[in-house]
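Peer 1: Questions regarding the structure given below will be posed in turn.
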Amino acid sequence: MTLDQLNLRQSARVVAVNSDSNVLRSHCAQLGIAPGAPIEVLHRAVGRGPMQAKIQGALYAIRQEDAAAIEVTV
Amino acid sequence: MKQIALVGSPNCGKTTLFNVLTKSNQRTGNWAGVTVEQKIGEFKLDGQAVELIDLPGVHMLTDCPLSIDAKITNDYLKSSEPDAILLVLDATQLRRQAELIPQIMATGQPVVIALNMMDALADHGLELNTTELKALLGDRLIEISAAKGTGIAALNKALGNALASQPLPQDDAGAVDCSCNPLPHEPLSHSGLLAAIDRATTFTGEPTLTERIDRWLLHPALAIPSFLLVMYLLFMISVQFGAIFIDFFDIWLGSWVVEGLRWVLSSLQAPAWLIAFVADGIGAGVQLIATFIPVIGALYLCMSWLEDSGYLARAAFVIDGVMSRIGLPGQAFIPLIVGFGCNVPSVMAARSLNSISARLTTIFIAPFMSCSARLSVYVFVGSAFFPEHAGLAIFSLYLLGIIVAVGSAWLLRKTLFGRFHEPSILEMPSYRRPVWRNVFTQAGHRLHSFMMRAGKRIMLVVIVLSCLGAVKTDGSWGAPGSPDSALAWIGKKLTPVLTPIGIGEDNWQATLGLFSGLFAKEVMVGTIQTLYTNEDESGDLTSTEMPDFMGDLGLAFGSVADNGKALFGIEPEAEPDAELNLIANSPIANLFPSAWAAFCFLAFVLLYAPCVATLGAMQREAGSGWLRFSLAWSLMLSYWIASNLWQLSHLFEQPLFASLWFVLSSAVLALFYSLIVKRVRDKHLGEIQVVNLT
């Protein structure tokens with residue numbers, strides 16, 4: 001499953017970042033969104049807004065389309 | 001002088017430490033070729049002065065940096081050789097930031113590691129046992145709290161030791177050390193370091209303070225109301241509170257600098273052109289720039305406070321969904337809302353955006369926000385022509401500005417930036433109590449940089465326009481703004497071009513008002529009123545008497561008190577009525593064919609071009625090429641909108657001409673836009689660095 005399908009407050013781990021975009025892949029790598037990293041969705045903004053996710057203790061705002069590229073496992 | 005480079009992730013408290021170490025001993029500039037601020041400070045180590053250079057935040061050193069900031073730090077560490085590197089790590093985010101330790105050590109320079117935010121561990125539900133890390137990293141690891149000022153003496157001592165040691169040659173970088181520190185037995189490995197950090201960290205399981213605050217501020221039902229409240233306060237405090245002091249600078253410098261210079265020069269029998277150049281050019285330029293200080297200063301203070309507290313990232317989070325539809329990140333909302341107060345800080349605030357396309361788009365559309373100076377023109381013209389519907393007219397103008405901004409952003413995304421998918425993963429820093437020293441230094445730096453850089457360009461334009469306004473067509477020099485000045489001549493020549501938007505053929509005063517609107521929109525009111533009411537007078541306004549320096553200073557202080565009272569509603573302002581009577585009796589009403597024509601004029605005023613201060617800021621932030629593009633677009637678009645609004649009122653009288661006008665003008669607009677975009681894409685886009693990262 002991908003990050004955008006994860007329920008609120010459900011703990012998971014990152015499996016891979018599947019994207020054609022080099023920028024997104026290296027962005028994720030630099031922010032610690034790497035295979036094995038624990039991840040949890042804390043909030044979702046209303047409408048088409050982003051989600052707030054906690055990854056390795058840090059908080060990030062991630063847009064839906066970027067979250068769809070991050071594969072996670074519960 | 002020996003140089004120490006300060007390196008760390010964004011939000012690790014690097015700037016706080018920089019301010020603590022160097023106090024007010026700082027100077028700012030720009031990194032070569034980019035509009036990223038460079039800060040260098042000086043402080044004493046063992047009685048010896050050393051230089052501390054603040055590098056932009058990086059998450060890790062890589063060959064493919066993702067932002068201008070990261071690129072600068074990478075390039076600096078590769079090419080320059082500082083005498084020592086001070087690496088700042090956030091103790092609450094240690095595991096994620098640990099990657100920087102081996103990378104920075106590999107540069108071969110002596111390294112001191114400041115483990116910051118030791119006081120915030122408990123708020124993050126963490127306990128950290130640093131014994132093993134100290135054994136691994138040696139004396140170079142110092143625990144500090146920059147916000148509380150603890151551990152600074154130990155840090156200074158370690159820095160002194162590092163500077164006294166000799167760096168190893170680069171090719172020996174594997175065995176990193178310097179003579180003062182005991183050598184770790186095995187070379188430092190990334191995985192070994194991570195394992196040590198994992199062993200040192202205990203999670204207490206408590207939700208962090210930041211998470212507890214976010215439960216309220218990001219709560220689905222509360223997020224938007226609290227966002228609106230914060231934005232309202234930001235706007236009220238910076239714009240309304242700052243505006244109290246505008247008149248102070250206006251009156252004080254108008255008397256002491258503009259009139260004072262004029263008096264000094266005319267008592268010295270200086271020629272008229274010199275008076276026009278010095279008093280009305282340089283003097284008025286200083287006066288104009290200074291009137292921006294209160295609003296911009298107050299705004300920067302509020303912004304720095306919000307930024308330091310951590311809320312700015314939450315505000316961006318809340319509005320991101322809306323902004324993503326026009327291709328902008330959530331953070332772009334703040335420059336735009338600020339634009340309703342003043343376009344200048346709006347353009348300047350765009351530099352907080354990391355992606356260059358977002359930055360350029362924001363700078364492009366920021367001038368379409370109706371600033372408070374435009375409001376004074378709306379009120380002036382609106383209450384003369386449609387007193388019953390002035391509120392509705394003003395509201396429609398604000399709305400028109402927003403629609404044009406959104407439309408332009410959408411157009412840019414479709415035609416220019418569409419192919420750049422920019423992932424928007426934004427770090428949301430922990431909430432912190434803002435450190436006042438940070439807030440004031442940051443705001444001070446930004447204000448100074450505005451005054452020095454945008455100020456120069458504002459000054460230049462003011463001088464040119466003043467001289468044009470003072471020189472007469474026969475070559476003699478007179479009072480500024482007289483009806484036979486070169487500027488008035490240009491105004492008369494240009495008026496026929498503006499008749500399609502509803503300006504009467506004899507209404508050259510309105511055209512000239514547009515010129516003076518280039519100085520500052522609020523000046524338009526004064527210009528138009530002077531031109532209409534004093535048309536027959538000789539216009540000899542130049543007083544050569546000594547201005548009443550002390551009396552005017554008193555007036556200036558009085559204006560602060562009056563404006564302050566007005567803000568809190570103690571004493572409503574009574575003046576506008578007097579102004580309105582003046583317009584009602586003036587020939588202004590005859591020169592616009594109808595009230596609708598006046599509305600078209602206002603629509604043109606809103607869109608045609610921002611004031612010189614904004615133009616100066618745009619050139620500084622985005623370069624001349626982008627400024628020309630943006631200016632050409634707003635001129636064409638405003639003409640298209642205003643003329644079609646005017647033709648709309650003739651749709652029933654001359655349906656053929658009106659619809660033909662619409663079709664032809666739209667075609668011309670589209671043609672010009674596509675030509676300009678093609679040119680921008682071919683010539684200028686390549687020069688923009690971060691776009692090329694994709």
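Including glycine, each Cβ sits where the backbone N, Cα and C put it.
What TrEMBL says about a protein is an automatic prediction, not a curated fact.
Residues or ranges marked as domain 'FeoB-type G' in TrEMBL: B:1-165. Residues or ranges marked as GTP 1 binding site by TrEMBL: B:8-15, B:33-37, B:54-57. Residues or ranges marked as Mg(2+) 1 binding site by TrEMBL: B:Thr22. Taken from TrEMBL, the feature GTP 4 binding site applies to B:Asn116, B:Met117, B:Met118, B:Asp119. Under the heading GTP 5 binding site, TrEMBL lists B:Ser145, B:Ala146, B:Ala147. The transmembrane segment annotation in TrEMBL covers B:222-249, B:286-306, B:326-350, B:362-386, B:392-412, B:595-618, B:625-642, B:654-676.
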Peer 1: Between the stretches B:362-386, B:595-618, B:625-642, B:654-676, which one has more Cβ pairs under 8 Å with the transmembrane segment (B:286-306) than any other?
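Peer 2: Ranked by Cβ pairs under 8 Å, first place goes to B:595-618.
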Peer 1: For the C-alpha pair, I'd like the distance in angstrom between B:Pro56 (GTP 1 binding site) and the residue listed as 'Mg(2+) 1 binding site', rounded off.
Peer 2: 17
Peer 1: Report the residues of the chain - excluding B:Asn116, B:Met117, B:Met118, B:Asp119 - with C-beta within 8 Å of the mean position of the site's C-beta atoms, for the recorded GTP 4 site, in sequence order.
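Peer 2: Leaving out the recorded residues gives B:Gly13, B:Asp90, B:Ala91, B:Thr92, B:Leu115, B:Ala120, B:Leu121, B:Glu143, B:Ile144, B:Ser145, B:Ala146, B:Ala147, B:Lys148.
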Peer 1: Which are the residues of the chain, B:Ser145, B:Ala146, B:Ala147 excluded, whose CB is within 8 A of where the CB atoms of the GTP 5 site average out, their centroid?
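Peer 2: Result: B:Gly13, B:Thr16, B:Leu17, B:Val20, B:Asn116, B:Met117, B:Asp119, B:Ile144, B:Lys148, B:Gly149, B:Thr150, B:Val435.
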Peer 1: State the non-local partners of the transmembrane segment (B:362-386) in its own chain: residues 6+ outside its ends, Cβ under 8 Å from one of its Cβ atoms.
Peer 2: 239, 243, 328, 332, 335-336, 339-343, 346-347, 350, 353, 393-394, 397-398, 401-402, 404-406, 408-409, 412, 517, 520-522, 524-525, 528-529, 576, 579-580, 583-584, 588-589, 592, 595, 598-599, 601-602, 605-607, 609-611, 614, 618, 621-622, 626, 629-630, 633-634
Peer 1: What binding-site residues in the list B:Gly8, B:Lys14, B:Thr22, B:Glu37, B:Met118 lie within 10 angstroms of B:Ala146 (GTP 5 binding site), counting C-alpha atoms?
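Peer 2: So the list is B:Lys14, B:Met118.
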Peer 1: Taking the Cβ of the residue listed as 'Mg(2+) 1 binding site' as the reference point, list residues of the same chain whose Cβ is under 8 angstroms away and which are at least six residues distant in sequence.
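Peer 2: Long-range Cβ contacts: B:Gly41, B:Glu42, B:Phe43, B:Leu52.
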Peer 1: Given the binding-site residues B:Asn11, B:Lys14, B:Glu37, B:Ala147, which one's Cα is the least distant from that of B:Asp119 (GTP 4 binding site)?
Peer 2: B:Ala147
Peer 1: Among the binding-site residues B:Gly8, B:Asn11, B:Glu37, B:Ser145, B:Ala147, report those whose Cα falls within 10 Å of that of B:Met117 (GTP 4 binding site); none is a fine answer.
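Peer 2: So the list reads B:Ser145, B:Ala147.
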Peer 1: What Cα-Cα separation, expressed in whole Å, is found between B:Asn116 (GTP 4 binding site) and B:Glu37 (GTP 1 binding site)?
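Peer 2: Here the two Cα atoms lie 23 Å apart.
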Peer 1: To the nearest whole angstrom, state the Cα distance for the pair B:Asn11 (GTP 1 binding site) and B:Ser145 (GTP 5 binding site).
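Peer 2: Distance (Cα to Cα, whole Å): 14 Å.
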Peer 1: Write down the Cα-Cα distance for B:Met118 (GTP 4 binding site) and B:Gly8 (GTP 1 binding site), rounded and given in Å.
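Peer 2: Approximately 16 Å lies between the Cα of B:Gly8 (GTP 1 binding site) and that of B:Met118 (GTP 4 binding site).
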Peer 1: Fill in the CA-CA distance, B:Lys14 (GTP 1 binding site) to B:Ala147 (GTP 5 binding site), as an integer in Å.
Peer 2: 10
